[in-house]
2 protein chains.
Amino acid sequence: MNHLLTGKPEEIRALLDSVDTFLFDCDGVIWHGDNLIPNVAHVLERLREMGKRILFVSNNSTKSRRQYLKKFTQLNIEAYVNEVFGSAYAAAYYIKHNLELPDNKKVYIVGMSGIQEELDAEGIKHCGSSDDNENLTDMSEMSTIKNDPDVGAVLFGFDLDLNYKKLAKAFTYLQNPETHFLATNTDLTFPTKNAVYPGTGALLAALSTPLGRKPLVMGKPEQRMLDVIVDKYHLDRSRTCMVGDRLDTDILFGQNGGMKTLLVLTGVTPAAGLDEQEIKADFVIDSLGHLL
Amino acid sequence: MNHLLTGKPEEIRALLDSVDTFLFDCDGVIWHGDNLIPNVAHVLERLREMGKRILFVSNNSTKSRRQYLKKFTQLNIEAYVNEVFGSAYAAAYYIKHNLELPDNKKVYIVGMSGIQEELDAEGIKHCGSSDDNENLTDMSEMSTIKNDPDVGAVLFGFDLDLNYKKLAKAFTYLQNPETHFLATNTDLTFPTKNAVYPGTGALLAALSTPLGRKPLVMGKPEQRMLDVIVDKYHLDRSRTCMVGDRLDTDILFGQNGGMKTLLVLTGVTPAAGLDEQEIKADFVIDSLGHLL
């Protein structure tokens, strides 16, 4: 549809009247790296005053909700742990409530402290991650790789400290078809201010390609994270609006989830050529800061 | 065809009379890990006495020819540097003779010392590899990644010390479509005595997947390594026999190269079900040790 919001009071009122909950992607919507997008804090405040529920939904798997909250605090944005949904938390919630992993089984983590923290918070046993940051020093050490017979699932997220030992262990666990295979997200790239680097989905390919197995994916555009959110907050999907800067993750996520969608042009999607894109948002606005 | 050699003098003589050069895969054919396959040293010696040329052709990219030769010496097998073709050497030869990389340009290596050594021997400038074994320690360091403007090619091989910094640098270089992209081999797995681990092709997927680019591949079953060998030794392909234990690399490599093929059953291919396999060898023998 790509209805461009021009700021007329009646079209904004129509949108606000039809929505109880806004889900916000963060990078490119709320902030750019360490810089808050102008007037966004004010818009969020106004939405709260109107009684709208606000949730922040990010594919970033490196941070726990608590770690994520620090960023909001640093940028002086009002936010609460319970409003923040990272893919690390979604994975922990999913493992606890949906996976039926026996109590004595552990999750082998390829990923960073955010995942460890979220699994700890849900009482899920785990290993890997920082335990295996020290790599093998020699090919002959491969034979010393020890696998833990209690591992029943592998959870893969972005890991700056990815090394061969972690890949080899995860690969060995996953050769057993009974070992669950989960990934926080499959973003192929990790855009930064200066350059684009490989993302979780890129690193994951080193495991899924030789295995010929695909993981259960938590992050956008997959629906598992939304299912977790809806389950936890009993949301009415038809009265929920997903706000994001990416068509192929945020907007697709919203559409597939039966939500309204609002595309902002402060992130990776340019205004030019929007009508030629296959994925269309219900509404488009140049910046979230201009919504009200 | 899968003609099973039973050791009758006339069939062995027919094979020997039609072949001047034997190309041998090593692991599973000459040795298993650190154990020589019985009687193989004797067979190789006899072939030399008959005036046959012997070459060893391996996809292993971790070793230079010189490093590889040590293994032959340790196992008491006669061999010479000039007879050993690893994929690291094939890559160095290919870059020097076929790639037309300007003299001032460097090769960024994701790989180990064998590749560095072979590029040095051919006088090819390079960076990466052990220079980048020290990874980024923090996400914020991503912005400190410095790329060398003189890099004109990325060469990817097996790297036990693969880390995010190397992937990020290689990814950045290869976003420039003018940067050549080469890989020593694409074996998805690395079989060891006790377990199967991710191979070069698995690690490579972390780069080729987000790039949407495929590298020029040196190793079997691709023909570039054979082209290098034929070019260097002026071989008559029709009078050359590829001896290997893998149908989908060694035997396919031989067939596609217009060579005779001899499958040995001392490696990964079992005798059972050979006739149902799509790829068939000209000749099959239970062990190279039983050839003569």
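Any Cβ shown, glycine's included, is placed from N, Cα and C.
Just so you know, TrEMBL annotations never went through curation; they're auto-generated.
Here the structure is a predicted model, which means the values were calculated and not measured.
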- Considering the substrate binding residues A:Ser58, A:Asn59, A:Asn60 given in TrEMBL, which of A:Lys169, A:Lys193, A:Lys214, A:Lys220 is annotated for that site as well? A:Lys220
- Residue among A:Asp236, A:Asp245, A:Asp248, A:Asp275 sharing the Mg(2+) site, where TrEMBL lists A:Asp25, A:Asp27 as binders: A:Asp245
- A:Asp25 (active site, nucleophile) and A:Asp245 (Mg(2+) binding site), distance between Cα atoms, whole Å: 8
- Using DSSP and three states only, what is A:Ser58 (substrate binding site)? strand
- Looking at the recorded positions A:Asp25, A:Asp245, which one has the fewest other Cβ atoms within 10 Å of its own Cβ? A:Asp245
- A correct count of other C-beta atoms within 10 Å of the C-beta of A:Lys220 (substrate binding site) gives 31
